[in-house]
Structures are given as structure tokens and as C-alpha cells.
């Protein structure tokens, strides 16, 4: 009996950790709910729950009207009520949470595991973000989202340093940004599904080039070590390499690297080997179910390896739905999984697949990821409208 209790303790700690992250934290400001006035959990009329401080911040000062940050339904700040189930859960878990003031840090983790050190962004700062990139020179984080200004640049501390890219129909405006990359000379390149173009800005937001009329649906975009731009065309099923004179704002050449891809979206380039990973979303015939497949090509565009949802199901008991792909500094392929949700390492392309979970807690809907020079992992979580920073915890 004692052995069973001892064996169940890690599972109980894991359950507590999951409860605190998923249920006891305001997903707008990332603060823990509590009995204090400003942190009391409040029901919106649509059913979603935020803390009282966020209700006050989101509500119009005179009319008290607000828009739910999750479902966009119109609500009124004066029509909110205490969320009793969350308050009762806080009371039920109160003593255990006090013993472990930060459950997600107290849970035992193996030395070398990735843990979330901090997050920034949040609803209002970001609105349904879709793409993430790092400036190689400054280390600043660039995100594209559905806000009034589509491109937002954050400093290393998570503060907003700059934003640009007006929402509009003019050629220099951004209608529907899908992905973003930053070149070696600090130009920001955005794929715009709204007018099916690629738009190049300098780092201060001045438009340098609009590439239109060449793509059916440009989606993923990434910079190569040679300062080229690789772009996936989801509708045409192709992968392209663009040679651009960024200083002059001139497209020199376009090369089609791959054709006959199945709805390619995410793309990543290994700066170690020059390999290119493409994330496909093939539709299973007759089922209406969309699976995912990761293909890795060598620098000479020879297919090195591939693995799909079914192949990964042989290693994991649950379905894996890859939503983003990147390479780490050792050349391993890393994917974001929205079904878990989780971040997984698939190993090196020539050894595919050797899957290993890297992050299994604290995520809601990861859609983009990248590594910093210091080897921190940045994950863009569109459900919480935030960037989460993971670092290796050597214990």
C-alpha cells in the first residue's frame, strides 16, 4: 500500500501541475487566479473565464462593453460573475499549491529538460498570431498577427520595441499575414495570403518590395544561410527560392526547388547542413481527415527522409499533428504538435525518426518555434496569444 502511494506521488504532482497551468491561470495576463479582488476568476457571458483585472482592462471605460479575447463575442463588463468552480478548486488545492508555490517548477524534471522560464505577449498585445522569427543581428523577436499593425517586434525582455504593417488593401499594407522571416541584413519578409504576395520591409517598417502575381497561396517563409528566401506555395504544391537584392528592393531570380508537394505550409532551413524541412498537410482520400507529413531535403534538394502522422503514431500512443517545424543548432528536426500539445524532437534527418518529447506541458496551440543563439526555444502559442521561452534546466 505504501509502495502504491509512493508510486502515485509523481502522477499526483503532474496532475497538480497540469491543473495550475490549464485551469488556475488567467490566459490573458498569465497571472494565477486567487481570492484577491483583482485576481478573482470571472465568467464572461460567453462562458470564458478571465481575471477581474483583465475584465477591467478590456472593458470600455464608459460603456463597459468588451470583446471576449477568445471567441470574440460581445460582452459587458458589468455582467460578469465569480467563477465558482475555479474558486472551489483553488480552495481544494490550496494547501498543496502553498507547499509548491510554482507547481510547474516544483514538478520533478530530468536534468537537461526544457522548462518554461517566462512568457510575453498576451491578448491585446498580440491577436491570433501566426508567425515567429528572430533577427539574427539584434536577437529581437518578430511576430505577425491579426492586430491593426500586423508586424510586432519585441526586445529581449519581451517589451514591444516597434510595430508596423497597417491592416488594409493598399499594396504596402498587410491583409492576412501567415508567416515571417528576418534576413541576415535585418529585412522583414512576410507572406500575405490576403493578396497572395510576399512583402519585404526594412527593420523600421519601410516597404522595400512587393512580390505578387507569382504565387497561388504563399505560406511558409524562411531565410537561408546565403540570405536567400525559401517560400512554400500551399495551393500550387511547390517550394521556391527567391534571390533578392534587399538594399535595392529588386527580385533578381526565382527558382522552383520542388513541385508535387501536398499542401506544403511550414518550412525550415538548417544553418548547420543547409537541409530544408517542409511540413505538408495531405488530405486523406474519402476521410476528410487532414494528416501531416515532414519531408527533409538535402542542400542539393534530394529527399533525405520523411515521416507522417501514421509513422509517428507507431512511437506515440496519441495522434501527432505537426503545426510547425524548425532545426536546432545540432541539425535535429523539431516539430510543434497541436494534438498533444507538445514540442517533439524527431532526431537528425539521416536517422529519421528518433522521436523524443521536449515540452509536454504548458502549451495550448503552438504554431511556430525557433531557437535563439543562446539555445533557448521560443514557441508561439496562438491560443494564449503569447511567446513562451523555454530553457534547459540542468537541475
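Here the Cβ of each residue, glycine as well, is placed from N, Cα and C on the backbone.
Given the structure is predicted, the values throughout are model-derived calculations rather than measurements.
Annotated features, as they stand in TrEMBL:
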DOMAIN    26-72  domain 'RING-type'
REPEAT    113-157  repeat 'NHL'
REPEAT    161-204  repeat 'NHL'
REPEAT    212-245  repeat 'NHL'
REPEAT    248-300  repeat 'NHL'
REPEAT    350-393  repeat 'NHL'
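Averaged over the repeat 'NHL' (161-204), the predicted model has a pLDDT of 95.
When each of the listed stretches 113-157, 161-204, 212-245, 248-300 is scored by C-beta pairs under 8 angstroms to the repeat 'NHL' (350-393), 113-157 comes out highest. With a threshold of 8 Å between CB atoms, the same-chain residues lying at least 6 positions outside the repeat 'NHL' (212-245) that come near it are 131, 136, 171, 178-185, 189-193, 195-198, 200, 251-269, 271, 274, 276, 278-279, 281. Using DSSP to sort the residues of the repeat 'NHL' (161-204) gives these counts of helix, strand and coil: 0 helix, 22 strand, 22 coil.
Under 8 Å from some Cβ of the repeat 'NHL' (161-204) lie the Cβ atoms of residues 130-138, 140, 142-145, 147-155, 210-213, 215-223, 225, 227, 229, 231, 242, 244, 246-247, 249, 266, 368, all in the same chain and six or more residues away from its ends.
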